[in-house]
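K.L.:
This is the structure I want to talk about, given as structure tokens.
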Amino acid sequence: AVTTVEGVGSTKTRVHPIQERLAKCHGSQCGFCTPGMVMSMYALLRNHPEPSMEQITAALDGNLCRCTGYRPIIDTYKSFTGEPACCQLRGTGQCCLDKEDVCSSSDKGNQMRSDLCSPEEFQPVDPTQEFIFPPELMRMAQEQQKRTLVFHGERTTWISPTNLRELLELKAMYPKAPLVVGNTSVGLDMKLEGVIHPVIIHPTRIPDLHVVSNTNNGLLIGAACCLAQLRDILIRAVSELPEEKTKIFRTLLQQLKTLAGEQIRSLASLGGHIVSRGSTWDLNPVLAIGNSVLSLASKDGTRQIPLNDHFLAGYENSDLKPEEVIVSVFIPYSGKDDFVSAFRQAERQKNALSVVNSGMRVLFKANTNIIMDLNILYGGIGSTTVSARKSCQRLKGRQWNEQMLDEACKLVLGEISLSPSAPGGKVEYRRTLLVSFLFKFYLEVLYGLKKMYPTKYPDLSKKNMSALGEFHSEAHQSMQIYQDVDPGQPPQDPVGRPIMHQSGIKHATGEAVYCNDIRSVDEELFLTVVTSSRAHAKIVSIDASEALKMPGVVDVITAKDIPGKNGSEEEQAYAEDEVICMGQIVCAVVAESNVQAKRGAEKVKIKYEDLEPILTIEDAIKHNSYFGEVKKVEQGNIEEGFKSVDEIIEGEIHIGGQEHFYLETNSVLVVPRGEDKEMDVHVSTQDAARVQELVASALDVQSSRIMCHSKRVGGAFGGKMTKPAFFAVVAAVAAHKTGRPVRFTLERDEDMLITGGRHPLFGKYKVGFTNEGRIIAADIECYINAGCTLDESELVIEYVVLKTDNAYKIPNLRVRGRACKTNLPSNTAFRGFGFPQVGLFTESWVAAVATQTGLPHEKIREINMYKGVNLTPFKEELDATNLMKCWKECMEKSEYHCRKIAVEEFNKQNYWKKKGIAIIPMKFTVGFNATQYHQAAALVHIYTDGSVLVTHGGIELGQGIHTKILQIASRELKVPLSYVHFCETSTVTVPNAIVTAGSIGSEVNGKAVQNACQILRKRLEPIINKNPEGKWEDWVTEAHGHSVSLSATGYFRGYVTNMNWDTGEGNAFPYFVFGVACSEVEIDCLTGGHKNIRTDIVMDACFSINPAVDIGQIEGAFIQGVGLYTMEEINFSPEGQQYTLGPDTYKIPAVCDIPEQFRVYLLPNSRNPMAIYSSKGIGEAGLFLGSSVFFAIRDAVAAVRKERGLTKTFTLNSPLTVEQIRMACADNFTEMPWLH
């Protein structure tokens, strides 16, 4: 039986407590990932009605969310544990982390609150209300056991036998047929690599493959047992057996904790894991060093083979024969003198393939430290798991001491080679891990020997103790503090209150409709695009003849089929004569089904004539390849400034790009109306008006005939500003040509290939300062990689130049910026719009100044910060009072000074693990530097039953815009929130709407709605005054009876902003947002891994219209920033082919990456007269604060380098990955001469 999220609960039947709590605790924003979060928790609760926090976080290992930052999801699910809930769910304003009252001196009398939801309203969990497994299906299943099941597909036959004899006959008949249990490996190959298997055998119903038995010598486990079952079997064995027998089992359990996510662990089989032999599979090295044995069977009989390095390397005489299957795996018990360890390091702590993994085992002669047997295996080094077999042979008979370790390192590095051009790169890092893991194993064994023979062996030195073990984990704890509404505010006025997202329940029940959820339309066709395989080339020919012969293919669309304009002035929808990046759309195939369209696309043949590509910023500078002119801002006298300083430093930094990784990929449904050339375009976009404009121009019709609709978008972050219009053109041209509706939804890898992301930045600095650390002069050059078309790059480089100062007043400053034109997919808008890159660059040279002067970093930051009223470098007035308030508040709230002392103390005691702490200020600007981009319009209808329909030009991307708009309408019309409804954003109701971006969507559209509501309220006033005691419905009915119009448009002209680039001056932004974040981390100097311990954020959000929405935006942006600065790495080949095209190769933060203590505090008593109700737009601001984690890691690395006597000045580029951290913590292992 399959239970879907709608089956768990729905608004039509009953909402399940999991769904209700997740919605009410603000655990969804865009809502696209929410059904997955619900199902993971539901599965856990069905199996463990009172789970531990450890079980909950393990259950969420395989779930990704790009919006929330995970904190509210974890807090929601905490309420299902038997453990006491944290302050978030107690709603008392007391935090479980704090000994005394949460309120600091500045909070007194401010009605500060820490409850964003009301747990007392939650319905209890009642297991008796859950579905039982349908008895009819049970009966059928028992009958089916006896019957072989065969399913015939178009190209594949799927056979599910019932017993081992039948399986072996099938394997003899179809020796090449793969055995599939969970389909986690074969399925991926079929989907991504186009592998076709004519026959697939599914042996999961065969009892012999599920056997589990304890023998005298070890555990026998059936090959079809899934990894989650394996974990449960091993946990039981460890609890029941003597410790010395279970060393292999405990090591396997350690690897299972981080292997994949719970969804994969529940499907993938032990036999499949072994036989697929991925080099980075974590269990195989451990099974091999544990001397596991595989029981094989075929029609000709049974045999046993060792699961060893020869088997894992695929040697012919050690491998399965084509007709054989693995029936079971025998894992022997360990012995008293056995020592076993396993290691892995990945780009993310959990649910990420290892960069390198290892299994190591040593057996000593009884009661000695003399090596009798040694086994060392590594994964991630070659195409298969590799063994240091020769090295181990040579070390037998040696004593376990430092001389042996030195010899072992030399031998292992000599035996296991990795060429400089090895696939996957990171060669020096991977070679360093070989010996770092070996050193860890050496110490773990020494520690074990000491425990076994306390009098025989010396204690491990304090220095080396710190290399042992994983990071210590604590339960997640959080706190969100905001100012309550005025006590005199009417209870029905929702403004300022943490109202639940208006689609929250629908997100959690799966009933929220996204573009690709729209039901299929009659005669609908599916579209797949054919993209360029060259970075820069002329198109010689496009041959679609084979594609057109494919079953179901209706047509192939090219640029020649466009009746009007092909895209915009800067960018083509379909490439015409030339391709300018890999992934550029060349043509499209439309077919009766998605599968047929994809097969047709594979048959299109394009011939190219290659041209020289430009790929990097350095290439572009060399070839003078730019968009636009230099952007420049200057203040003071830079030459004089440098003459008056004590010291000058120069340097450069590279900051990598970032994929948007919105959970909903780009999606369009185009439906021709059949008359007057009208067309409905349903699209996932931030800018419906741009979609309308480009589609109309491509079809050569008036805009009034193109109706664009957007109900909600499953995440965007800037990535759906410009590109969706081109996707809509591609689909609309196909719909126009065929006269049929066309659906076009990108797969994840296609979306990542075709669309660009955040602009990589290369910065050069020359900074002059006094011995006291005051920065007097700075000369800054910034280059961004714009990609192949202009897109938003001109605006991004302008923002880079305008925002370089961040929070610092530098009297003599010159900033110059260029957008580089390259042959990569065009980079585009991304949350923060250039500031996250240039902010990190600025903080890096401020940190370099601190390092050079030897003064504390926080002191350098504070003395250079803006204070009071100032002018920015482009002469806009700035009142930085709240910047200093946030700084002092964060210093106090984070207990920075005493924690810094504790960090220093920890670092003195620990050589191989270090902590770091950093506090980073921020001056962020919202909006655009032109008035027209701030305008907004709205349309409000009141119906005769008193209900209200609101529409406006903003689009719901997960930022809660509609929720805030409904709150505003409720307040302005003085009606309950339940009376106000929002349907969809459409160009039909609000024309010429400005893109939803720049953090200001809610406030400018809110002003337009406020304007419309005030017009309507004014019209109703005479009737209300006549009957003040009447009800809303009565007033509305009477107004209608007196022919009073109950519909009004509202308009907001926009904030007045401007920027003159000739003079470098202007009032470029409507207002500033201030914030400060303090983060603490711990790093492992031997592997480069790090753990986020605690983050405190203070944000000047002024009066928050919805504190739950605003805090959610801050937390989500912060975690996205942590991804940008510490793990999200985009890699291209030298030919311009992107390697990182999916969640397997591109890692965004997961539940394991959020700080264990996460606190957000909204500054009280702060007002912003510019925006509606004195609020501020903070959708983007929090992202840069993720850099506090980057600088905390930098602080830890600096402590390592200082202790080791390395140069105090060093450069860390972004993202600060495990590789960079490890290589910056230089030691004997990174410097071994035979390593390089």
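All positions are counted from 1 along the displayed chain.
Using N, Cα and C of the backbone, Cβ positions are placed for all residues, glycine too.
This is the feature table in TrEMBL:
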- Glu1180: active site, proton acceptor (ACT_SITE)
- Gln686, Phe717, Arg831, Gly998: Mo-molybdopterin binding site (BINDING)
- Phe833: substrate binding site (BINDING)
- 151-336: domain 'FAD-binding PCMH-type' (DOMAIN)
K.L.:
Taking every protein chain shown into account, which of the binding-site residues Phe717, Phe833 has the largest tally of Cβ atoms within 10 Å of its Cβ?
P.N.:
Phe717
K.L.:
In sequence order, which same-chain residues at least six apart have a C-beta under 8 angstroms from Arg831 (Mo-molybdopterin binding site)?
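P.N.:
In sequence order, the residues whose Cβ lies under 8 Å from that of Arg831 (Mo-molybdopterin binding site) (at least 6 apart) are Phe717, Gly718, Ala1117, Gln1120, Gly1179, Glu1180, Leu1183.
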K.L.:
Using a Cβ-Cβ cut-off under 8 angstroms and a sequence gap of six or more, which residues of the chain neighbour Gly998 (Mo-molybdopterin binding site)?
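P.N.:
Sequence-distant Cβ neighbours: Phe833, Val926, Gly927, Phe928, Tyr933, Gly1177, Glu1180.
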K.L.:
Find the longest CA to CA distance in the recorded Mo-molybdopterin-binding set Gln686, Phe717, Arg831, Gly998; express it in Å as a whole number.
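P.N.:
The span, Cα to Cα at its widest, is 12 Å.
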K.L.:
Sequence gap of 6 or more, Cβ distance under 8 Å: name the residues on the same chain that satisfy this around Gln686 (Mo-molybdopterin binding site), in order along the sequence.
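P.N.:
Looking at Cβ-Cβ distances below 8 Å from Gln686 (Mo-molybdopterin binding site), excluding near sequence neighbours, one finds Val713, Ala716, Gly718, Lys720, Met721, Pro724, Ile955, Leu957, Val995, Thr996, Ala997.
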K.L.:
Would you mind giving the whole-number mean pLDDT across the domain 'FAD-binding PCMH-type' (151-336)?
P.N.:
96
K.L.:
Is it possible to get the count of other C-beta atoms within 10 angstroms of the C-beta of Glu1180 (active site, proton acceptor)?
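P.N.:
For Glu1180 (active site, proton acceptor), the 10 Å Cβ neighbour count is 27.
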K.L.:
List the residues in the vicinity of the Mo-molybdopterin site, defined as same-chain residues other than Gln686, Phe717, Arg831, Gly998 with C-beta within 8 angstroms of the site's C-beta centre.
P.N.:
Ala716, Gly718, Gly719, Met721, Ala829, Phe830, Phe833, Leu957, Thr996, Ala997, Gly1179, Glu1180
